[in-house]
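Trainee: Mind having a look at this structure? Questions to follow.
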Amino acid sequence: MLLDLKSSSLPALAVWEALSCVPASEILISFALWWMLYLGSKLALRNFPVYVSWDAVTQYKARGLVPSTVFLLLIVPSSIWAIAYDDELKHMRVTGKTELSNSIIAVAAGYFMYDSLIVFWHLKHDGVAYLVHGVLCMFTYLIAVMYQVYQFYGPVFLLFESTTLFVNARWLLYELKMTSTSLYFYNGLALLLSWIFVRLVFGYTYSYFFWMDTLDAHSKKNLDFFIILWYTTANIGLNFLNTIWFFKILRGALRALRGKKA
């Protein structure tokens, strides 16, 4: 049984209390499967001599590429389908929900639970920014499942994951010492352009729509105040991170461009 939005509240974001009302099996299954994929990748990658030659930190990051890439290959096409063909989501962007959107968001919640935990364990190597990103995404998608809200915007912002393909490829090419190749250069260019158009142009455009829909829902008292507070805060935080990371990517792309010309 799901929470009744009109009669429920989220004081201090009491997520664990709300979990008792959630069909948590999909989230927990997702969380477990991403962990299994991460642990299984350790066994599979041992078959590659280059992986064995890397130090422990590089091996850890290589293992992380496996669930990260599988997640984006699964979630991006599913999200595109939901946005394009789920009419209920189109017409009820704040409170609309379907079986597909619920499943997409549950899978995403499980993934970001896994991601947040593993980044926390390796905080020294991944950094605070990645932990903040993981935690913001985790609670954003958990609340979307528990309170059946923003299930149109869930798939919309999951399209950001499409840029991760180029991030992962860039890391791998760097570790394989292929930074002087055309493949590395063009992948970096694709990363820069996809980041601009997907995370910045598309992201800020739909953030505007998100804010307009949220203000409308607030005026009609369709959403609990704490839900609105969380989502607006998360939107600001994630857009800030995307902008900061863009400038880091831009610096890397400019270095690669100078190297190519040389």
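Glycine residues also receive a Cβ, built from the backbone N, Cα and C atoms like all the rest.
This is the feature table in TrEMBL:
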DOMAIN    60-258  domain 'TLC'
TRANSMEM  65-84  transmembrane segment
TRANSMEM  104-123  transmembrane segment
TRANSMEM  130-150  transmembrane segment
TRANSMEM  156-173  transmembrane segment
TRANSMEM  185-206  transmembrane segment
TRANSMEM  226-250  transmembrane segment
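Let's see these features in context: how buried, what's close, how far.
Mentor: Within the chain, the transmembrane segment (104-123) has long-range Cβ neighbours (under 8 A, six or more residues past its boundaries) at 26-35, 38, 60, 64, 67, 71, 74-75, 78-79, 82, 130-131, 134-135, 137-138, 141-142, 144-145, 151, 154-155, 158.
Listed by sequence, the residues of this chain that lie at least six past the ends of the transmembrane segment (156-173) yet keep a Cβ under 8 A from its Cβ atoms are 61-62, 65, 68-69, 71-72, 75-76, 79-80, 83, 104, 108, 179, 181, 183-184, 187-188, 190-191, 194-195, 198-199, 202-203, 206, 238, 242, 252.
For the transmembrane segment (185-206), the residues of the chain that approach it from at least six positions outside its boundaries are 153, 156-157, 159-160, 162-163, 166-167, 169-170, 173, 239, 242-243, 245-246, 249-250, 252-253, 256-257, 259-260, judged by C-beta separation under 8 angstroms.
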Trainee: Need one number: mean pLDDT over the domain 'TLC' (60-258).
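Mentor: Looking only at the domain 'TLC' (60-258), pLDDT averages out to 94.
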